[in-house]
Amino acid sequence: MSEVKKIAVIAGDGIGPEVVGEAIKVLKKTEELFGYKFELEHGLFGGIAIDEKGTPLPQETLDICKNADAVLLGAVGGPKWDNNSKELRPETGLLGIRKALGLFSNIRPAVVFDCLKDASTLKPEVLEGTDLIVVRELTGGIYFGEKFRREGAQGEEAVDTCVYNVTEVERIVRQAFEIAGTRSKRLASVDKANVLETSRLWRETVNRIAPEYPDIELEHVLVDNCAMQLLRRPSSFDVIVTENMFGDILSDEAAMLTGSIGMLSSASLGEGSFGLYEPVHGSAPDIAGQGIANPIATVLSVALMFKLTFGYQEAGDVIERAVKQVLDAGHRTGDIAVDKSKAIGTTAMGDLIVAAMAR
Ligand SMILES: NC(=O)C1=CN([C@@H]2O[C@H](COP(=O)(O)OP(=O)(O)OC[C@H]3O[C@@H](n4cnc5c(N)ncnc54)[C@H](O)[C@@H]3O)[C@@H](O)[C@H]2O)C=CC1
Ligand SMILES: CC(C)CC(=O)C(=O)O
Ligand SMILES: [Mg+2]
């Protein structure tokens, strides 16, 4: 019998609870298949926590996360809370939890399933062989910099500051080199070093570290060019490492190579094995409560949890294989369906994945 793993479950808002529900079914199925034991502890987070506790990130939720081996997160936010006061903004909770748990590295794989090439807006021949990872710095940069309003000569001004220190850059860049070493040994470092001082520090740091990894082929790509090249030659990228905001934007763009943002999983990691696992997408208020959200991003996030935090490689493979099998059989949620009239719902997709899971 394997030891009990504690998982903090934070379903959040909008489609968060819907997709997390399917991921929990997958967790239960792996208990049955492998004899694993998971202890799930649920916490309030985001808009629902604002409503019930007056804060997006209650201390008790943070404690549940800190006491767990891993966190499974749905998504937070929605129009009801997005324009609220500074303290109550959902992103305060999201950024706060990442910082509080020391999760400086966000791994976002974008894998194109052959059978989903028709769901992408790009031509199949351009997508051929696309399998990349965005390694996004997660606890620094402009999202975390000082922000304020002031009265300027031409009226009210808003200021966001972007700060990176060399230690923050070094640790994420080293991690990206390590990941590239386990894959096809190509690393693209994305910055805006022709304009931004933080990007100049970023590029200097990458160049200083690069000789420690002589077998990795390194390219520097300016972020605007990268946004374009992702659509022009996506398969030429393997590992992309970049700062917080660029990684946020480029990974949503990379999602469309796979057909939908509902396909993109993520792992947020710090120094140890602890990790927070969540889909890349948000709470999708436009489709929340309709039972049509794609749960695959969240289900694949569980596979990442198994591999990166628990070392359950085979169980992670079982989940990924089951997802592929279900897609190969032609089952589609609305976001990835070419013929929308044949689309299935969130729970039907989850049930099919669970049924396809086998050792
Ligand atoms: N990690 C998180 O919790 C994140 C939260 N947000 C928050 O989510 C809220 C909505 O943000 P948006 O900009 O609309 O981004 P979003 O990612 O929630 O939605 C963008 C579009 O993608 C669709 N979509 C997203 N996930 C899907 C899924 N699993 N299946 C099918 N379609 C899906 C939505 O219906 C929508 O049309 C905001 O409050 C935002 O702050 C946004 C990004 C990340
Ligand atoms: C609050 C935002 C930074 C959330 C987001 O868009 C993300 O992490 O992908
Ligand atoms: Mg985002």
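Including glycine, each Cβ sits where the backbone N, Cα and C put it.
The annotation domain 'Isopropylmalate dehydrogenase-like' is assigned in TrEMBL to 6-353. On the 0 to 100 pLDDT scale, the domain 'Isopropylmalate dehydrogenase-like' (6-353) averages 96 in the predicted structure.
Cβ neighbours of Ala288 (NAD(+) binding site) (same chain, under 8 Å, six or more residues apart in sequence): Asp13, Gly14, Ile15, Glu18, Gly78. Per TrEMBL, the feature NAD(+) binding site maps to 78-91, 282-294.
In sequence order, Ser105, Asn106, Ile107, Arg108, Thr242, Glu243, Asn244, Phe246, Gly247, Asp248, Ser251 make up the list of same-chain residues 6 or more apart from Arg136 (substrate binding site) whose Cβ falls under 8 Å from its Cβ. The annotation substrate binding site is assigned in TrEMBL to Arg98, Arg108, Arg136, Asp224.
Feature annotation from TrEMBL assigns site 'Important for catalysis' to Tyr143 (among others). Secondary structure from DSSP puts Tyr143 (site 'Important for catalysis') in coil.
Counting only residues at least six positions away in the same chain, the Cβ atoms of Ser199, Leu222, Val223, Asp224, Phe246 sit under 8 Å from the Cβ of Lys192 (site 'Important for catalysis'). In the three-state DSSP scheme, Lys192 (site 'Important for catalysis') is classed as coil. Summarising the annotation, TrEMBL assigns site 'Important for catalysis' to Lys192 (among others).
There are 13 other CB atoms within 10 A of the CB of Asp224 (substrate binding site), with all protein chains counted. Taken from TrEMBL, the feature Mg(2+) binding site covers Asp224, Asp248, Asp252.
Across the residues annotated as binding substrate (Arg98, Arg108, Arg136, Asp224), the two Cα atoms farthest apart lie 27 Å from each other. A straight line from the CA of Arg98 (substrate binding site) to the CA of Tyr143 (site 'Important for catalysis') spans 12 Å. Between the binding-site residues Ala284, Ile292, Ala284 has the most other Cβ atoms inside 10 Å of its own Cβ, all protein chains included.
Shown in sequence order, Thr92 are the residues of the chain, 6+ apart in sequence, with a C-beta less than 8 angstroms from the C-beta of Lys86 (NAD(+) binding site).
Following the DSSP three-state reduction, the secondary structure of Arg136 (substrate binding site) is strand. Proximity of the binding-site residues Asp82, Lys86, Pro90, Asp248, Ile292 to ligand 3, judged by a Cβ distance under 6 angstroms to any of its atoms, singles out Asp248 in sequence order.
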